[in-house]
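Let me give you the structure first, and then I'll get to my questions.
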């Protein structure tokens with residue numbers, strides 16, 4: 001009986017202890033996470049102009065948000081980094097941060113949020129002027145034509161009577 005008592009006591013102590021036994025625990029233990037400073041999340045999107053807001057969300061001030069697209073693929077790397085990050089200028093909604101003009105994102109989704117329109121006006125207007133010069137010439141003409149075609153109503157063709 002004493003031979004089985006020692007292993008049983010050891011297993012009991014092991015079960016009731018609260019240490020980190022898994023590899024995914026933060027350095028310094030469970031309570032060390034509050035001591036870490038938040039870093040800025042990874043850059044993403046076209047030209048690295050955006051920031052990750054979740055594993056499949058990439059937002060940029062002048063581009064808006066990409067959710068579940070190729071532009072947001074880099075954001076999946078954030079899951080493998082040991083330190084927490086935070087993007088966005090100010091808190092909004094339920095646990096989100098302002099991501100772009102009028103858009104509030106958390107790590108799972110984005111919603112329109114009127115309080116996120118403040119602080120983006122000047123940047124959005126300045127970028128409108130700079131983006132217009134980037135599309136001068138044939139590329140700009142092609143893009144303009146595609147937008148016009150997409151917005152044009154389709155021609156109405158009367159239905160042909162069925163012939164037997």
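Any Cβ shown, glycine's included, is placed from N, Cα and C.
What Swiss-Prot lists as signal peptide is 1-19, and the listing cites experimental evidence. What Swiss-Prot records for 20-25, 41-85, 44-58, 52-75, 59-65, 92-104, 98-116, 105-110 is disulfide bond. Under the heading glycine amide, Swiss-Prot lists 28. Residues annotated as site 'Important for agonist activity on V1aR/AVPR1A' in Swiss-Prot, with experimental evidence given as evidence: 28. Residues or ranges marked as N-linked glycosylation site by Swiss-Prot: 131.
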Secondary structure at residue 75 (disulfide bond) (DSSP, helix/strand/coil)?
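It is helical.
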Determine, to the nearest whole angstrom, how far the Cα atom of residue 92 (disulfide bond) is from the Cα atom of residue 41 (disulfide bond).
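Each residue's Cα considered, residue 92 (disulfide bond) and residue 41 (disulfide bond) end up 18 Å apart.
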Around residue 65 (disulfide bond), how many other C-beta atoms are within 10 angstroms of its C-beta?
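I count 21 other Cβ atoms within 10 Å of it.
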Since the record lists 41, 75, 85, 92, 104 as disulfide-bonded residues, which of them has the fewest other Cβ atoms within 10 Å of its Cβ?
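Taking 41, 75, 85, 92, 104 as the disulfide-bonded residues, the minimal 10 Å Cβ count falls on 85.
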Rounded to the nearest angstrom, how far is the Cα of residue 58 (disulfide bond) from the Cα of residue 41 (disulfide bond)?
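If we compare the Cα positions of residue 41 (disulfide bond) and residue 58 (disulfide bond), the gap is 10 Å.
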Measuring CA to CA, name the entry from the disulfide-bonded residues 52, 58, 75, 105, 110 that ends up nearest residue 98 (disulfide bond).
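Sorting the disulfide-bonded residues by distance from residue 98 (disulfide bond), the top entry is 105.
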What are the sequence-distant neighbours of residue 44 (disulfide bond), meaning same chain, six or more residues apart, C-beta distance under 8 angstroms?
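50, 51, 52, 58, 66, 71, 72, 73, 74, 75 - these are the non-local Cβ neighbours of residue 44 (disulfide bond), listed in sequence order.
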Which Cβ among the disulfide-bonded residues (59, 98, 105, 110, 116) has the fewest C-beta neighbours inside 10 Å?
110
Taking the Cβ of residue 58 (disulfide bond) as centre, how many other Cβ atoms lie within 10 Å?
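A count of 33.
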List which of the disulfide-bonded residues 85, 110, 116 have their Cα within 10 Å of the Cα of residue 104 (disulfide bond), in sequence order.
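Cα within 10 Å of residue 104 (disulfide bond): 110, 116.
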When you put residue 110 (disulfide bond) at the centre and draw a 10 Å sphere around its Cα, which of the disulfide-bonded residues 65, 85, 116 have their Cα inside it?
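The disulfide-bonded residues close to residue 110 (disulfide bond) (Cα within 10 Å), listed in sequence order, are 65.
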Between residue 105 (disulfide bond) and residue 59 (disulfide bond), find the distance joining the two CA atoms and give it rounded to the nearest Å.
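Residue 105 (disulfide bond) to residue 59 (disulfide bond), Cα-Cα distance: 9 Å.
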